[in-house]
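Annotated features in TrEMBL:
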- 32-60: transmembrane segment (TRANSMEM)
- 69-272: domain 'TLC' (DOMAIN)
- 81-101: transmembrane segment (TRANSMEM)
- 121-140: transmembrane segment (TRANSMEM)
- 147-163: transmembrane segment (TRANSMEM)
- 202-225: transmembrane segment (TRANSMEM)
- 237-261: transmembrane segment (TRANSMEM)
Amino acid sequence: MMDLSTTSVVAAKAYKYRAESLVKDYLLADCYVSYTAVLGGILMCKMVYDITHLISSLYYKGYGSLTKIQKLEWNNRGMSTVHAMFITLMSVYLVFFSNLFSDELDGPVTVRSSNLSNFTLGVSLGYFIADLAMLSWAYPSLGGMEYVLHHLLSIISLVYAIYSEEGQLYTYMVLISETTTPGINLRWFLDTVGMKRSKAYLVNGVTMFVAWLVARIILFIYLFYHIYFHIDQVKQMRTFSCILIFAVPTILLVMNTVWFVKILRGLKKTLAKRQ
C-alpha cells in the first residue's frame, strides 16, 4: 500500500514536471509566445461567448424572446466588451506607465517590443480573427463593409507588428481606441431591451460622445504629433512599417470622424426629444 502511494506521488510529480516543461519550453518560449497568445485569444472569445449566453439565459428573461441573429449579436457584443477592457488596460499600461516606450531609454522607440507586448498583441489578434469570422458568417447582420475593413486593417497591422516588432508603440496607441467599445455595446443592449427612452440611455450617449472624442479623435491627433517629433526614428523602420504607421491611423481617423458625426447627430436628436 505504501509502495503504491509512493509510486503515485512520484508519477504525479513527473507528470507535473513534464507539463511545466511543455509550457515553459514551447507554449511560453520566446519563439512560440505569439502563437500561444493568438490561440488563447480565439479560445477566450469562444469561452466569453458561451458564458454570455449562459448568464443571459439565466438572469435575463427577455433573452429567450430574442431572434437568432439578436442572440448572436448579443453574445458577440459580450465577447467584444471583454476584449476591449483587456486591450485598453494593457495598451494604457504599456504606452503610459511601463518604461518600454520611454524616451529616456537608449535606442529608437519605434523598434521596441517585449514578450508581454507580443503576447498582448497576439491575444488581440486572436480576437479580431474570431470576430471577423463571425462577421463574415453572419454578414451583414453583425456589421457592414466598414466593420470588415476595420478588422482587416487591424489584423494586418497586428500580424506585422508582432512579426517585425516595429511600430508597436503606435499599434498600442490605436488599440486604446477600443475603450469606446463597451459604451457602444451598452447602448445596443439598452436599445434591444427597450430602454431607449431611459436616463441610462441618455447618460450613455453623453459618455460615449466624450470617450469617442478623446480616444478616437484627440488620441489619433496625438499619435501623428508623436510621429512628427520622432520622424527620424520612424524612417529607420522598414518601408512597409512606415506605410502602415501612416496609412492605417489615417484611414481609421477618417472612419472615426464619420462615426463621430453620426454620434453627435444621434446625441442632438436624443437631447431634442428630451426637451
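Every residue gets a Cβ built from N, Cα and C, even glycine.
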Positions on the same chain near the transmembrane segment (237-261), where near means CB under 8 A and six or more residues out: 110-111, 146, 149-150, 153, 156-157, 160, 164, 166-167, 170, 174, 177, 212-213, 216-217, 220, 223-224, 227
Residue numbers, six or more beyond the limits of the transmembrane segment (81-101), whose CB comes under 8 Å of its CB atoms: 41, 44-45, 48, 109, 112-114, 116-117, 120, 123-124, 127, 168-169, 172-173, 175-176, 178-182, 185
Mean of the pLDDT scores, which run from 0 to 100, over the domain 'TLC' (69-272): 95
